[in-house]
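Heads up: the structure comes next, in structure tokens.
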Amino acid sequence: MKNLTILGSTGSIGVSTLDVVKAYPDMFRVVALTAGNNLELLKTQIETFSPDLVSVLTAEKAQALSRSLTGKKPEIMHGVEGMIAAATASETTMVVAAIVGAAGLVPTTAAIMAGKDVALANKETLVTAGHLVMQMVREKKVNLYPVDSEHCAVFQSMAGHRSQDIARVILTASGGPFLNWGREKLQAATVADALNHPNWSMGRKITVDSATMMNKGLEVIEARWLFDIPVQRIGVNIHPQSIIHSMVEYVDGSVMAQLGTPDMKGPIAYALTYPGRVPSGVKALDLTALSGLTFFKPDTDRFPALQLAYRAADAGESMPAVMNAANEIAVEAFLGGRIGFMAIAEAIEKVMDLHEPHALASIEEVLEADRWGRRTAKEVLGVGC
């Protein structure tokens, strides 16, 4: 039996993870859960899975949660201290890192340093601190399993092959809700428009990232660290049907791909049960029902965020952390109705132009670069979000 901590249990990935866990009570036990603001859902999860420990955002929310629970209560903590306690709980053997954004970095690295295997859905951990995180993974001899559908697809497509045999990795992207929108129409895109993803059901932040194509840019950087492949050998193809989740091209010209119905329970179940497989609840793929599979190159004129991510990856050092921080602030401002859709990438570029990349030797230095990026993005945008 695997004992699990789920960081971000009330988010999209966390909820899907618990769906998988619930289907296999003889395989998994939930030791700890962490959540941000959704106390009602967390309360339901506590009643269903009986964790030993839960952590929420603030002391006030911890008190409110405690008052709402009846019967036997788990230990309730809050803040970063609570997240770290959940990530490093002695009985936990695997941590599902599903917190959105750079906030997931500290608890995820704490889990690694505590010797826990990690199912990684928080791509920002590798975007901001990839070199440090992979060094920790090697030193602690833990397993890092990708939960992003694209990286899970690459992981499966690389199985049994040597890294020197790989010519390139090709990540697929749906193109998001604005695939066929022109620049003029994009200028007037609303929050509701951006959140209307055609294929995937995800959280608000990642759905906006998909609309700008920053999500794919973050995934390029994540793949660079996960698979130790130069970013110049990681490409992106637009694939509107979201059936092929990514591909690996080998030096002999062969291409291996992983296909499946778009549903995050698939990669989650694979990460939780690797090297085995279990029925995940994902609808079986019927290729005969598809009218076709199409692919084309991304339009970086309409979606400049992807090119900004490649630029950050090429610059390296502190630039990816700063870019990610600027993106989080800009997306938050867009979701709050304070800036337009196209202003997201414009703000990120301005912040990157102001930044001089420098080496990052510790997680604290990564966090400082993150703080600089956030402060500068707020100044550039003129917002106080």
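Cβ atoms are placed via backbone N, Cα and C, with glycine included.
Note that this is a predicted model, so its numbers are computed, not measured.
According to Swiss-Prot, the NADPH binding site annotation covers Thr10, Gly11, Ser12, Ile13, Gly36, Asn38, Asn122, Glu124, Gly203, on the basis of sequence analysis. Using a 10 Å Cβ-Cβ cutoff, Gly203 (NADPH binding site) registers 17 neighbours. DSSP classifies Gly203 (NADPH binding site) as coil under the three-state reduction.
Mapped onto three states, the DSSP output places Glu219 (1-deoxy-D-xylulose 5-phosphate binding site) in helix. For Glu219 (1-deoxy-D-xylulose 5-phosphate binding site), applying a Cβ distance below 8 Å and a minimum sequence separation of six or more within one chain yields Lys123, Asp148, Glu150, His151, Leu171. What Swiss-Prot lists as 1-deoxy-D-xylulose 5-phosphate binding site is Lys123, Ser149, Glu150, Ser174, His197, Ser210, Asn215, Lys216, Glu219.
In the three-state DSSP scheme, Asp148 (Mn(2+) binding site) falls into the coil class. For Asp148, Glu150, Glu219, the entry in Swiss-Prot reads Mn(2+) binding site.
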Taking residues Lys123, Ser149, Glu150, Ser174, His197, Ser210, Asn215, Lys216, Glu219, which bind 1-deoxy-D-xylulose 5-phosphate in the record, the widest Cα spacing (Å, whole number): 19
Recorded NADPH site residues Thr10, Gly11, Ser12, Ile13, Gly36, Asn38, Asn122, Glu124, Gly203, farthest C-alpha pair in Å: 22
Three-state secondary structure, which DSSP defines for Lys123 (1-deoxy-D-xylulose 5-phosphate binding site): coil
Residues near Thr10 (NADPH binding site) in space but at least six apart in sequence (CB under 8 A): Ala35, Gly36, Asn38, Leu41, Leu42, Gln45
Residue pair His197 (1-deoxy-D-xylulose 5-phosphate binding site), Ser12 (NADPH binding site) - Cα distance, angstrom, rounded: 14
Nonlocal neighbours by CB distance (under 8 Å) for Asn122 (NADPH binding site), same chain, sequence gap 6 or more: Leu7, Gly8, Ala97, Ala98, Ile99, Val100, Gly101, Gly104, Leu105, Thr108
